[in-house]
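What follows is a short report on a single structure.
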Amino acid sequence: MSAVLARPDPTDAAARIRTLAREAGFQRCGITGIELGEDEAHLRSWLAEGLYGTMHWMAQHGDKRSRPQELVPGTLRVLSVGMDYGRKDDTEAWDTLHDGRRAYVARYALGRDYHKLMRNRLQKLAERIQAEVGPFGYRVFVDSAPVLERALARNAGLGWIGKHTCLIDRGGGSWFFLGEIYLDLPLPIDTPATAHCGTCTRCIDICPTQAIIAPHRLDARRCIAYLTIEHDGAIPEDMRKPIGNRIFGCDDCQLICPWNKFAQRTDEPDFRARNDLDVATLPQLFAWDEAEFLRRTEGSPIRRSGHERWLRNIAVGLGNAPGSEDVLAALESRRHDDSALVREHVGWALAQHGL
């Protein structure tokens, strides 16, 4: 008869899990329970106001998003982890934003898509935990299911939810990705993080489109990240000028946050900028045909936007750029593009230059 290994003491198991998480490449981790009552009420209110735009999946799945035990029956605890993606400094980001000919791509999207990388590491982490504590039920998530990941991360002690709705770690800023493992292990839980924004409103004040309509209240319909990534139609005209040269996402509310002076700079090779996206100009990127777009965005989160939206976004950026010869030539090259969506945005951009 084979021997049955006794489960380790829950406190010892939790400590070992944290060690394994850090060995797996996660710079922060914590364990929390599954109670999200206040966050459920906040989510319901946000949905009722229609602030989610066309992201209809936010309203799907009922209360499973805020009730882990309904999404994955048997769940008792959630292991929340964070992986840094901060770059060497913020100067380069501000320099790009202030140079109208250059294209600004949100920092998280400059390198490899984090979803697959983190999911693989979380899966391996779960397997290592099983090898040490014995079989248990679990499910891994990386922005891939209805999960209130920031609320869970806050409760697990990883940081607090800032007024811009991003998670902030007092000792590491906000430049990090989140992932979770739902567990059926009765582990001791960590202390939730407390807020330290105080009276600061820098993120609210700097938002180019005034999308942060109140502390902890984001109107996605005005958010540049939503407009350039999630929204699949025409960008509202009153939003186009404020978008500036931001062609995929926006980081302003994080760049201005004082806590990011403590942000940890990643040494993860997969998060390094690809295809010179951190220095590319708008005309250069506008010249990509669909085949080149697909080739250069392989393994990148940018691919999910599709070539048409990519061109739509860059057209807006070109409309806001200084009217140099190459900017105008780039726009003229797509005046008669096959896509009506692209043509409309190119027409708007040309009009900004008096053409």
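Each residue's number is its place along the chain shown, starting with 1.
Cβ atoms are placed via backbone N, Cα and C, with glycine included.
Since we're looking at a predicted model, the values are computed, not measured.
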- Task: Please state which member of CYS29, CYS257 Swiss-Prot lists alongside CYS197, CYS200, CYS203 for binding [4Fe-4S] cluster 1.
- Result: CYS257
- Task: Mind checking which residues of the chain, 6+ beyond the ends of the domain '4Fe-4S ferredoxin-type' (185-217), have their Cβ under 8 Å from one of its Cβ atoms?
- Result: 10-11, 13-14, 17, 30-33, 42, 46, 51, 76-77, 133, 136, 154-165, 168-170, 223-224, 227, 239, 242-244, 246, 250, 252-254, 256-259
- C-alpha spacing of ASP143 (active site, proton donor) relative to CYS200 ([4Fe-4S] cluster 1 binding site), in angstrom: 29
- Query: Taking each of the binding-site residues CYS200, CYS203, CYS223, CYS250, CYS257 in turn and counting other Cβ atoms within 10 Å of its Cβ, which one has the fewest?
  - Reply: CYS200
- Write out the long-range same-chain contacts of CYS253 ([4Fe-4S] cluster 2 binding site), meaning residues 6 or more apart in sequence whose Cβ is under 8 Å from its Cβ. HIS164, CYS166, CYS203, ILE204, ILE206, CYS207, ILE212
- Looking only at C-alpha atoms, tell me how far CYS197 ([4Fe-4S] cluster 1 binding site) is from CYS250 ([4Fe-4S] cluster 2 binding site), rounded to the nearest Å. 21
- Task: Express the distance between the Cα positions of ASP143 (active site, proton donor) and CYS257 ([4Fe-4S] cluster 1 binding site) as a whole number of Å.
- Result: 23
